[in-house]
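Chemist: The structure under discussion is supplied below as structure tokens; questions concerning it will follow.
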């Protein structure tokens, strides 16, 4: 049995925070932010909207597209570093709200690589014959762990959710290969401090991301028995346009073959890849039979990538 993605969905908060808005909050400029990150604006969830609310909205869209009923879900995996609370988990909260009574549920904490960890975990359960339908959600309310007085990090992050239903597909479609990894020795470069603010050593994270994203892209292509010429589209974690471009150049892809949503939404951590996937499908940039590479990196340090032949 082969596992693939049956349907996707997303939730984007209404409130827009532009670079010009940030100019009034910290010592920065629109030009500085755009030049270094590619970000022009980001979305911020309302005070009374939490990760579970965004996750449910994205999940409902994904289930509808997949034509899978919530009661037919066997497992719910939520990738997040911003749960509503320590426990119960976001996955259990959305299990109740969706009415997915038979699904087991757990959260995954792998920061910006979390969605990749979730998809690969779901794949393993499906291809082993244990489960048939797994809901994977990447959701973050990063505005709740951002120091809005720190000019280095306040400009980066946004809120949102993306979801995918992973299930059985035909043998010539689905996930072709994957890579997951971690390097705990780099944990001090990106972490949450005692004030619940995100602390980042930008230089070290940048070096790690450029190297690892490129390597992971090449690795999953080789594991799938493919070459760079076989790749139709790249969806990198939307952290920084310079990091994204480095991954694209490693695959020798033209600009139009890489997803770019960072300018609209900023870095939404675990939500960025599924949000981008929805956008590119809606734009008609990914077609049945296309080979798509998705790759992310995050705090931990963690990374993950998959190569998938799109379709059912």
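The backbone N, Cα and C atoms fix where each Cβ goes, and this holds for glycine too.
Keep in mind it's a predicted model, so treat the numbers as computed, not measured.
OK, Swiss-Prot features for this one:
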ACT_SITE  112  active site
ACT_SITE  237  active site
ACT_SITE  267  active site
REGION    238-242  region 'ACP-binding'
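Give me the local environment of each listed feature.
Modeler: In the three-state DSSP assignment, the secondary structure recorded for residue 112 (active site) is helix.
A coil conformation is recorded for residue 237 (active site) in the three-state DSSP classification, outside any helix or strand. Proximity of residue 237 (active site) to non-local residues of its own chain (separation of 6 or more, Cβ distance below 8 Å) is seen for 112, 113, 213, 244, 267, 272, 273, 295, 296, 297, 298, given in sequence order.
DSSP assigns residue 267 (active site) to a strand segment in the three-state reduction.
Sequence-distant contacts of the region 'ACP-binding' (238-242), counting only residues of its own chain at least 6 positions beyond either end whose CB sits under 8 Å from a CB of the stretch, comprise 36-38, 112, 156, 206, 209-210, 259-263, 265-268, 272-273, 275-276, 297.
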Chemist: Counting across all protein chains shown, how many other Cβ atoms sit within 10 Å of the Cβ of residue 267 (active site)?
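Modeler: Neighbour count, Cβ to Cβ under the 10 Å cut-off: 23.
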